[in-house]
Amino acid sequence: MSYQNQAKSFLSTIDEKTKDLQILRQFELKTGLPRSYAILGGFGLYFVLIFLNIGGVGQLLSNIAGLVIPGYFSLLALESTTTSDDTQLLTYWVVFATFNVVEFWSKAILYWIPFYYLFKTVFLVYIGIPSTGGAVTVYNAAIKPFSRRYIVNNKKFAQDINNAAQGVSSSVELLAS
């Protein structure tokens, strides 16, 4: 199949999947353009704003991309009865949190990397979509070796923390009543 046919197929798939969205129906009626153009234009504008990073908006938009996509999949997983997708999503949130902590402490270095937030957004989308397996790949390559080396699986320590947290929550409940 030629690239032109692949592009047409992709656009028609977008049109089909968005047929029930009222705002896109209004766009189509008012402009005479397919719904897929609005979707692609919106994504294009989103990435241009990240790329330009005017007023620091790139950081916010990048973090929103890192929250919305896996957040949606996480909400679906919470409502499902299976646990097959839970490991992938838990792995994502561990990678996302680790990445944000490392990023916070390296802001001075990141200032010198051009288009950092664009690269970050692409990375977060890659690790955030469960079908790519990106979160598991990053976890296995970067976080797991560190955690195995420095974080001891101490069940007594975990139980002590859990008991302390329950004690605090019980105290708060007593104060509230």
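Yeah, the Cβs are placed from backbone N, Cα and C, and that goes for glycine too.
Secondary structure of the topological domain 'Cytoplasmic' (1-34) per DSSP (helix as H, G, I; strand as E, B; remaining residues coil): 25 helix, 0 strand, 9 coil. Taken from Swiss-Prot, the feature topological domain 'Cytoplasmic' covers 1-34 (among others), and the record attributes it to similarity to another entry.
What Swiss-Prot lists as transmembrane segment is 35-54 (among others).
Residues annotated as transmembrane segment in Swiss-Prot, with similarity to another entry given as evidence: 57-76 (among others). Only residues 6 or more beyond the boundaries of the transmembrane segment (57-76), in the same chain, are considered here, and those with a CB under 8 A from a CB of the stretch are 46, 49-51, 85, 89, 92-93, 96, 100, 117-118, 120-121, 124-125, 128-130.
Secondary structure of the topological domain 'Cytoplasmic' (77-87) per DSSP, as helix, strand and coil residue counts: 5 helix, 0 strand, 6 coil. Feature annotation from Swiss-Prot assigns topological domain 'Cytoplasmic' to 77-87 (among others).
Cβ atoms under 8 Å from those of the transmembrane segment (88-104) belong to residues 63, 66, 70, 73-74, 77, 110, 120, 124, 127-128, 130, 133, 135-136, 138-139, 142-143 of the same chain, restricted to positions at least 6 beyond its ends. The feature transmembrane segment is assigned by Swiss-Prot to 88-104 (among others), with similarity to another entry given as support.
Under the heading transmembrane segment, Swiss-Prot lists 108-126 (among others). With a cut-off of 8 Å between Cβ atoms, the residues of this chain six or more beyond the transmembrane segment (108-126) that come close are 47, 50-51, 53, 58-59, 61-62, 65-66, 69, 96, 99, 132, 134.
Taken from Swiss-Prot, the feature topological domain 'Cytoplasmic' covers 127-177 (among others). Across the range of the topological domain 'Cytoplasmic' (127-177), the DSSP-based residue counts are 44 helix, 0 strand, 7 coil.
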